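Here's the structure we're looking at; comments come further down.
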Amino acid sequence: MPTLQSLAVPFGCVQGYAPGGIPAYSNKHESYFSGERSIDGNLFCGFKYQCVEFARRWLFERKSLVLPDVDWAVHIFNLKEVSDARTGKPVRCVAIRNGTAAKPVVDSLLIYPSDDYSPVGHVAAITEVGDKWVRIADQNHRFHKWDANYAAELPLIHEKGVWTILDPLEDEVLKPLGWVTFPDTPDRNPNEPLVLHESLHFKRGELPTLRRLTFTPTSREKDWLDLTNEAEAYFADVCGIDVKNPKLEKASYYQMNRELYLDCAKYGNQLHQMFLEATKFVLGSDELLRLFCIPEEYWPRLRHSWETQPHAITGRFDFAFDEDTQQFKCFEYNADSASTLLECGVIQQKWARSVGLDDGTTYSSGSLVSSRLQLAWEMAEVTGRVHFLIDNDDEEHYTALYVMQHASAAGLETKLCVLFDEFHFDENGVVVDSDGVAVTTVWKTWMWETAIADHQKARVQRGNDWRPTPKDEVRLCDILLGPNWDLRVFEPMWKIIPSNKAILPIIYNKHPDHPALLRASYELTVELQRTGYVRKPIVGRVGRNVTVTEASGDIAAKSDGDFSDRDMVYQELFRLPERDGYYAILGGWVIGDVYCGTGVREDKTIITGLESPFSALRVYQGAQRRPLTHEDLDKAEAAAVGGGLKT
């Protein structure tokens, strides 16, 4: 049976047309945020393809009205006026509560409340009203192809003189707050041209910024980590954090503004799709695949992985941003990595709160990571036990505990396995754990290249005729590269391709004008010599075996490591700006299929590595956003009645 996810219209494709021929576009799923502005002529509609984007386009085309900027969709219910698109003058609008004597009105906006899952609420257009139903058109709520000129027909209940709209959505029934009407404004004549007054034209706001800020906290929470949480407790033990220490010392953190946050999301989502497209391109060509130096015997299994295991959990881009030049660049995609995930999703927010930075004007750049991590597991279509395979490494340990926590929250059974003593072969040669449970799904921190090397080494040591018996020790390759090609692995084997830097010249050649890409080549070209270049191994980690050469030919930096025997690629030099003596790399997280968080690693050298410290990153938002619920409206109405009685 096809799932709702499999039936979803792809991002950016038309789901249907509302009355008047107004298109509604798919946002893919409700947790996806593209970071891309939608501008229709000179009208800023919103972000592709959120619910407000459709509502603003619909109101403009249907009534020649312009919805003002709102923080969240739910805040439309608080509006008292909108703008006449032709004159720019204010036009009255009226909010009517759901569940009152007023019957819903055609061509009004239906507003949904904040809830725990979606504090921003939702907005839809009411396109038709019957006695027992209303029909709505919207985006980012349902994702199917429309059968008619509306997205859904919702029940309208009329009891004891009260009209109530309900929205049965999958396994829950939502009750909208109410609807916003435009009583003084008839529908626009479709034969008349759309006109937008100059005062309503979109104007680009502030430029993107990234600052390193230093301050001395005025207070400090004593117990800022939760030592009852396994991941946080392990992190505290490893990093030597004294959570009882109230000492106030000078501290530093990074702060980006909303424009840079939007650039991270926009470029992160775009680049993720580019890397996926390039991966498909590479896997379809033996000539290109050979550039990745993967032994040919593994190619069929690699292609099988791509064809049968589309789901992924995490990947991290390395980004850089120069505020002076306003350039934003991607260095590479660590598509098979979860390193610094706990720091981004939990630690930086709890540290910020402990030193008083969480004052409502900023929020953590990793605030969505935990919820999206759980969602990624829910969407991965996994059943049974998930074995978490890690090396005997502290960072891998607390990272695995964090990811396990959210896999468990998604309803999965999990088991942490350090090295391979946990496993043995049963009588049939199947790898099972100490409970006798066969390994069918794995999350791992091991590099796929390590598994391939182990597989080749094992063949030499065991011989070609070896068959597993219960007395044999289980190795990494027996799990990841055993006879079961349908073993679910996160990250899947095909992630070798986007993680390999041999993909960088392919990406650049396919998208040479993309503003976030750097020129890359398999050979040192005259152009790269002119700009300066970075030489790095196609397979490597944490900045090892990297050489940075200036345009003058001088070597600016060089790192050692274990990857010097690998093939190399050459990438255009992008000079990291110095901030207070430090150089910062932005780690941009794609979780599931959506960009959702950013972290910072900084160093006093221009090559960041394993020992480069993680620093907190805050996003400046200005005034704090507040949810709006039925309870909030009830309290406001009660207060208004009470105030009236007192007078």
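Here the Cβ of each residue, glycine as well, is placed from N, Cα and C on the backbone.
Annotated features in Swiss-Prot:
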- Arg316, Phe317, Asp318, Lys501, Lys536, Gly543, Gln571, Ile606, Ile607, Thr608: ATP binding site (BINDING)
- Asp318, Glu332: Mg(2+) 1 binding site (BINDING)
- Glu332, Asn334: Mg(2+) 2 binding site (BINDING)
- 26-166: domain 'Peptidase C51' (DOMAIN)
- Arg316: site 'Transition state stabilizer' (SITE)
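It is 13 Å from the Cα atom of Ile607 (ATP binding site) to that of Glu332 (Mg(2+) 1 binding site). Residue counts for the domain 'Peptidase C51' (26-166) under DSSP (helix as H, G, I; strand as E, B; rest coil) come to 19 helix, 53 strand, 69 coil. Predicted-model confidence for the domain 'Peptidase C51' (26-166) is 96, expressed as mean pLDDT. When the binding-site residues Asp318, Glu332 are compared by the number of other C-beta atoms lying within 10 angstroms of their own C-beta, Asp318 comes out lowest. In this view, Asn334 (Mg(2+) 2 binding site) is surrounded by 21 other Cβ atoms within 10 Å of its Cβ, with every protein chain counted. A 10 Å radius around the C-alpha of Asn334 (Mg(2+) 2 binding site) takes in these binding-site residues out of Arg316, Asp318, Lys536, Gln571, in sequence order: Arg316, Asp318.
Over all protein chains present, the Cβ of Gln571 (ATP binding site) has 25 other Cβ atoms lying within 10 Å. Around the Cβ of Ile607 (ATP binding site), 21 further Cβ atoms fall within 10 Å across all displayed protein chains. Of the recorded residues, Lys536 (ATP binding site) and Glu332 (Mg(2+) 1 binding site) place their C-alpha atoms 11 Å from one another.
Taking the Cα atom of each, Gln571 (ATP binding site) and Glu332 (Mg(2+) 1 binding site) are about 10 angstrom apart.
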